[in-house]
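> In case it's useful when we look at the structure, here is the feature table from Swiss-Prot:
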- 1-20: signal peptide (SIGNAL)
- Trp202, Tyr220, Ser221, Thr222, Ser223: thiamine binding site (BINDING)
Amino acid sequence: MKLLKLTLISTALFSTAALAQAQQSVNVYSYDSFTSEWGAGPKVKQDFEKAHPQCAINFTPFESVGVLLNRVRLEGKKTKADIVLGLDNFFLEQAEKTGIFAPNNVDLTQLDLPTKWANKTFLPFDFGNYAFVYDKTKLQNPPKSLKELVERQDLSVIYQDPRTSSVGRGLLVWMNAVYPADKIQSAWKELDKHTVTVGKGWSDTYGAFLKGEADLVLSYSTSPLYHQLFEKKDNYAATDFAEGHITQVELAARVANHPNQCADDFMAFLISPTAQKHIVTANIMLPVIQGEIEPHFDALKVQQKTQTSINPMVNTEQLKNWISTWQTTLTK
């Protein structure tokens, strides 16, 4: 009997070791709020590895998308990443210019976005409209347009640095879509007069807002859903501006010349109903596929499709010029 037990234990240990040896690793670069214990990453990883026991997902977190993209650009073709997850439509051209990403084999007919997505290299995994979030119990008269937000000196505002944050970059695009070139500097100056802080990333700025450091914070129209669903609070709301809203589409991409079947499978898994539910409820963003994912987010998605969307085509040179204008204006 002892010999049988010893044989069984040895077999089990050998099987475990063999499985570990046979596992294929997938290195995923992403932003820290996705990979954190409360983010979507661990849940997506767990369910993916359960469905694909031959695969092991390893996350490398970065404090912002800007920092992530800079790392990828520096590493170039020597990057250890198999997948880069967390770029967005406003970083798209810069990411393409790195030359390190390859087309994926994911079926795009599953996608259901406000505008048709045809890019075969960068795969959407969630989306949402930028908005300013406020506490209804503290701010009874919220701004009804971006211009009103800029001009009202009784409002205190927090937003993110467009050089390092994708959310901050969204405001940069939004401001330049609403204000003509000859008015944009004065608009930034007006906004700066009642800006409390410009933070490096979304997490620290939203945290500062929740501590009561400002009336409004740049975030997403989905953000109040977090407080409703997870904190049972309905005092937070998102602005609905007359000029329309800018939509952010978050993206994942495969690194070229890194043959890895598990990485290909993980890309496809990102837009499965299982992964989408984890992503939308942790990221507090909207699902990118058709069908029922989560009732509250599904309802908001239908509502947002009726909102005015202003999504100008923006190239890298424009963004560089806009950032330079913003930076110069704020340092004068």
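Cβ coordinates are placed from backbone N, Cα and C, and glycine is handled just like the others.
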> Give the three-state DSSP assignment (helix, strand or coil) for Tyr220 (thiamine binding site).
strand
> Specify the count of other C-beta atoms within 10 Å of the C-beta of Trp202 (thiamine binding site).
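Excluding its own Cβ, Trp202 (thiamine binding site) sees 23 Cβ atoms within 10 Å.
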> Could you measure the widest C-alpha to C-alpha distance across Trp202, Tyr220, Ser221, Thr222, Ser223, the residues recorded as binding thiamine, and give it to a whole number of angstrom?
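Spelled out: the longest distance between any two Cα atoms in Trp202, Tyr220, Ser221, Thr222, Ser223 is 14 Å.
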> What is the set of residues, excluding Trp202, Tyr220, Ser221, Thr222, Ser223, whose C-beta falls within 8 angstroms of the centroid of the C-beta atoms at the thiamine site?
Gly128, Asn129, Tyr130, Ala131, Val133, Ser219, Pro224, Ala238, Ile284, Met285
> Using DSSP reduced to three states, classify Trp202 (thiamine binding site) as helix, strand or coil.
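In three-state terms, Trp202 (thiamine binding site) counts as helix.
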> Just going by other Cβ atoms within 10 Å, which of the binding-site residues Ser221, Thr222, Ser223 has the emptiest spot?
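Looking at the binding-site residues Ser221, Thr222, Ser223, the Cβ with the fewest others within 10 Å is that of Ser223.
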> What count of other C-beta atoms do you get within 10 angstroms of the C-beta of Tyr220 (thiamine binding site), across all chains shown?
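Tyr220 (thiamine binding site): 26 neighbouring Cβ atoms within 10 Å.
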